[in-house]
Amino acid sequence: RALRLAGGRSRCEGRVELEQEGTWGTVCDDGWDIPDADVVCRQLQCGHAVRVRGNAAFGRGHGPILRDEVGCEGHERHLWECPAELEHDCSHKEDAGVVCSEHQEWRLSGGRDGCAGRVEVFFRGTWSTVCNSTWYEMEATVLCRTLGCGDALQRPSFGHTLPGKMVYLCGSLQPSLAQCQWTFNKSAPCYQSWAAGVVCNGTGS
């Protein structure tokens with residue numbers, strides 16, 4: 001009885017999928033709320049839920065719809081411990097999804113397009129800036145490639161104006177910054193540093 005998130009940008013975000021007797025299926029979004037999503041995030045070791053999504057926000061799944069009107073209280077260890085309707089009147093356009101706190105996503109803001117600007121990371125329910133104390137060519141290139149923006153051309157500096165701060169250190173060209181070493185909201189590496197920025201050589205939407 002496995003569980004996974006599909007269609008998201010990391011393993012901690014996506015459409016909720018359950019395995020039952022060797023077949024993967026989905027959960028209907030009727031009654032889908034934060035306590036339900038919390039159980040999913042905790043079961044996947046992805047922290048807690050910061051957003052619940054319905055209406056197949058992460059794409060429509062396939063296979064049977066295995067749960068409807070899920071009613072977790074939030075403390076259950078597994079989603080299948082929660083009361084739910086096994087009969088449903090749903091289609092895959094109502095597939096339930098979740099964004100967990102350990103999911104990381106990135107954007108560049110204030111530049112000419114989505115491939116230039118200040119680096120901002122969504123993590124644990126808030127947007128944060130990234131300290132430039134360890135923001136080198138490697139880290140900037142990893143981010144540009146993750147965003148589909150090519151390689152890093154420049155690394156301009158900006159001010160910190162968001163509540164959180166993140167530090168990344170990549171020893172090699174990882175598929176995303178989340179796979180590098182990172183520290184969240186520890187002040188020391190950010191002391192007297194600026195917010196990291198990047199200008200990638202590609203163009204964004």
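Yeah, the Cβs are placed from backbone N, Cα and C, and that goes for glycine too.
Please treat TrEMBL annotations as automatic predictions, because they have not gone through curation.
For Cys180, the cysteine that TrEMBL lists as its disulphide partner among Cys170, Cys190 is Cys170. Disulfide annotation in TrEMBL: Cys82 is bonded to Cys72, selected among Cys72, Cys100. A Cα-Cα distance of 39 Å separates Cys72 (disulfide bond) from Cys170 (disulfide bond).
Around Cys82 (disulfide bond), the C-beta neighbours below 8 angstroms that are at least 6 residues distant in the chain are Asp36, Val39, Val70, Gly71, Cys72, Glu73, Glu76. Within the domain 'SRCR' (106-201), the DSSP-based counts of helix, strand and coil residues read 19 helix, 40 strand, 37 coil. In the structure as shown, the Cβ atom of Cys180 (disulfide bond) sits within 10 Å of 20 other Cβ atoms.
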